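J.: Pulled these features from TrEMBL for this protein:
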- 43-478: domain 'Amino acid transporter transmembrane' (DOMAIN)
- 50-71: transmembrane segment (TRANSMEM)
- 77-100: transmembrane segment (TRANSMEM)
- 135-156: transmembrane segment (TRANSMEM)
- 200-226: transmembrane segment (TRANSMEM)
- 289-310: transmembrane segment (TRANSMEM)
- 330-351: transmembrane segment (TRANSMEM)
- 395-415: transmembrane segment (TRANSMEM)
- 421-441: transmembrane segment (TRANSMEM)
- 453-478: transmembrane segment (TRANSMEM)
Amino acid sequence: MGENGVVASKLCYPAAAAMEVVAAELGHTAGSKLYDDDGRLKRTGTMWTASAHIITAVIGSGVLSLGWAIAQLGWVAGPAVMLLFSFVTYYTSALLADCYRSGDESTGKRNYTYMDAVNANLSGIKVQVCGFLQYANIVGVAIGYTIAASISMLAIKRANCFHVEGHGDPCNISSTPYMIIFGVAEIFFSQIPDFDQISWLSILAAVMSFTYSTIGLGLGVVQVVANGGVKGSLTGISIGVVTPMDKVWRSLQAFGDIAFAYSYSLILIEIQDTIRAPPPSESRVMRRATVVSVAVTTLFYMLCGCTGYAAFGDAAPGNLLTGFGFYEPFWLLDVANAAIVVHLVGAYQVYCQPLFAFVEKWAQQRWPKSWYITKDIDVPLSGGGRSYKLNLFRLTWRSAFVVATTVVSMLLPFFNDVVGFLGAVGFWPLTVYFPVEMYIVQKRIARWSTRWVCLQLLSLACLAITVASAAGSIAGILSDLKVYKPFATTY
């Protein structure tokens, strides 16, 4: 905790807490009621709050596109790929959780961020590569979420239009105003100082993800019943409906979409840093949270993806709720899309907090005496005599970031393909390579031992998936550029 934090603590905890504050300043925090072993305020996170953070980050609106992904792969490969990547995600996340502390899992030095863990175990150029990939992915996700939220808001308007004007009306509407609305909301929520204070937003977002996923699942089941049976085939969309080359690209894109739908490793360490101090150790709690969240995520992915494919077969839309696989009941579609927007508001913050914290920490180290960067201004809040600590640098930097991502979203409304490319490039190093390499160093696994060979084979297999999926994303980007018009995209 910085100097300003200690001063603030002195003001907030008079009398009985004075000894605790002095202990924190001197580094003597063992047994402290206010501070953890690293001198920071007591962490309060649990397995359930960590699970909520993970579910918020992982179950994005992309769950609604899994019907399309399974349609490309078929009833055999589609579910099998989902189960495969749920295991890969759990396993590599467990490896990464063990790297939160260097040395002993309960008393070792904490690594507060993903980059800190890489630096503690690998060092050198790998830290810089890791930092670039992690934060580039975060920027890409922020832009992708802005686009996805605007499409869901626009879908509410279009659903109402279809209900009034009929299904034959194209109801074309620009997405730009809705991106601006989402950006304004994110400027407000981005002023929440750090991860530990957005648990309520993560829990709300997780509830919303279950809401729209359940609605999508229910509508899919109703459609299956209306069809009088299950659609689809064992091998997915057939050649003839699409060209052989399109079949290849679509399959690669679907494979990559499923793989990246589980990815949250780039923020795992930051989530783990919110968990209360041992016992039990943070790594054990995080492994339990990973089991819960990956199990819940896989269940929802399987249900929504398989139901979407069963309902529409090869014609499964890219998004069950915004691709207008369904038109009625329009009010239920409105509720589901509103839930998507609320979820994405929370998911945006969960993903961006590590980047916000990194830049603010760097600025404080670079200009430690700057009033603009380090000074907190108390802004009184109504009721209870509470106050909000306003930091001018946080206000301007985070607002500028949100504005920049919103403008890029308006310029490149097909940026989901670019995000897919960033996800492809980042999936292998961030989700597999770095966790595997850090775990090998942390546990001192001997080179060419059976365990070492198995870990390297896992890494190589995921590298092959990344390369193939990146190629599919590039093909999609090139196709989008042929019809691209800035600020003129309608849906």
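Just so you know, glycine gets a Cβ as well, placed from its N, Cα and C.
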J.: Looking at the transmembrane segment (77-100) and the transmembrane segment (50-71), are there 3+ C-beta pairs under 8 A, with each pair at least 6 apart in sequence?
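T.: They do touch: at least three Cβ pairs between the two stretches lie under 8 Å.
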J.: Test the contact criterion for the transmembrane segment (421-441) and the transmembrane segment (135-156): 3 or more CB pairs under 8 Å, pairs 6 or more apart in sequence, then answer yes or no.
T.: yes
J.: Mind pulling out the one from 50-71, 135-156, 200-226, 289-310, 395-415 with the most Cβ pairs under 8 angstroms to the transmembrane segment (330-351)?
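T.: Answer, by Cβ pair count: 200-226.
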J.: Counting CB pairs under 8 Å, which listed stretch among 50-71, 135-156, 200-226, 289-310 touches the transmembrane segment (395-415) the most?
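T.: Checked against 50-71, 135-156, 200-226, 289-310; highest Cβ contact count belongs to 135-156.
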J.: Where, among 135-156, 200-226, 289-310, do we find the most CB pairs under 8 A to the transmembrane segment (50-71)?
T.: 289-310
